[in-house]
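Asks: Provided herewith is a single structure, encoded as structure tokens, for subsequent inquiry.
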Amino acid sequence: MANKGLQLLGFTLSLLGLIGLIVGTILPQWKMSAYVGDNIITAIAMYQGLWMSCAFQSTGQMQCKVYDSILQLDSSLQATRALMIVAILLTVAGLGVASMGMKCTNCGGDDKVKKSRIAMTGGIVLLVGALCSIVACAWFTNRIVQDFYNPFTPVNTKYEFGAAIFIAWAGAFLDIMGGGMLAASCPKGKSSPKYPKSSRPPSSSKEYV
């Protein structure tokens, strides 16, 4: 019963992690313009995401532009986009596999050991997807930090962390926790029945010399 609750909790956390990864990937606020130096007071806030860049004006209007060509993007953005897509696909696949091996579902047959192995496989796939998202977020975060502290970067083009990257980080860690709980559903091998050693009953007749 405890293992069943652990699987259900892991599946729920992974599902929330998937939602976080999707929302974080879609939102354009991966990095936002930093208010440093002479850029403290400005009427426009710039945002850049994986798919588009946006300009938020003080009047409340936001204008976004989708990136025209993939080849014009820098390598870090291309790698982050690819890794996030792979992470989402692996998370979806891991949830599908794990759902067939959970004890609260009827898929995968009645063999408890087989279902536990299926759930464990789904958890491992979820962990791989979470690893891809962590690499993507860490790569993008490192690039923001490097550009921010680079003395040759103009002040008005410096960026800091946006809300979307924190959502992606949260989704990745939820995915890790959920995948770890599902991967902990290690199958217990069927123990072979142990029979007591047969002992010969004592002879009822005694031989006398």
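Cβ coordinates come from backbone N, Cα and C, glycine included.
In case it helps, TrEMBL gives these features for our protein:
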type	residues	note
TRANSMEM	6-27	transmembrane segment
TRANSMEM	79-98	transmembrane segment
TRANSMEM	118-141	transmembrane segment
TRANSMEM	161-184	transmembrane segment
REGION	187-209	region 'Disordered'
Asks: Could you pull out which residues elsewhere in the chain have a CB under 8 Å from any CB of the transmembrane segment (161-184), counting only those six or more residues past its ends?
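Replies: Result: 6-7, 9-25, 27-32, 47-49, 84, 87, 91, 94, 98, 119-120, 122-127, 129-130, 133-134, 136-137, 140-141, 144.
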Asks: So which residues does the transmembrane segment (79-98) touch in its own chain, when a touch means Cβ under 8 Å and the partner is 6 or more beyond its ends?
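Replies: Hits for the transmembrane segment (79-98): 7, 10-11, 14-15, 17-18, 21-22, 24-25, 50-51, 73, 118-119, 121-126, 128-130, 132-133, 135-137, 139-140, 168, 172, 175, 179, 182.
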Asks: What residues elsewhere in the chain lie close to the transmembrane segment (6-27), defined as a C-beta under 8 angstroms and at least 6 residues from its ends?
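Replies: Apart from its flanks, the transmembrane segment (6-27) reaches 49-51, 81, 84-85, 87-88, 91-92, 94-95, 98-99, 102-104, 119, 123, 126, 130, 133, 162-165, 167-182, 184-185.
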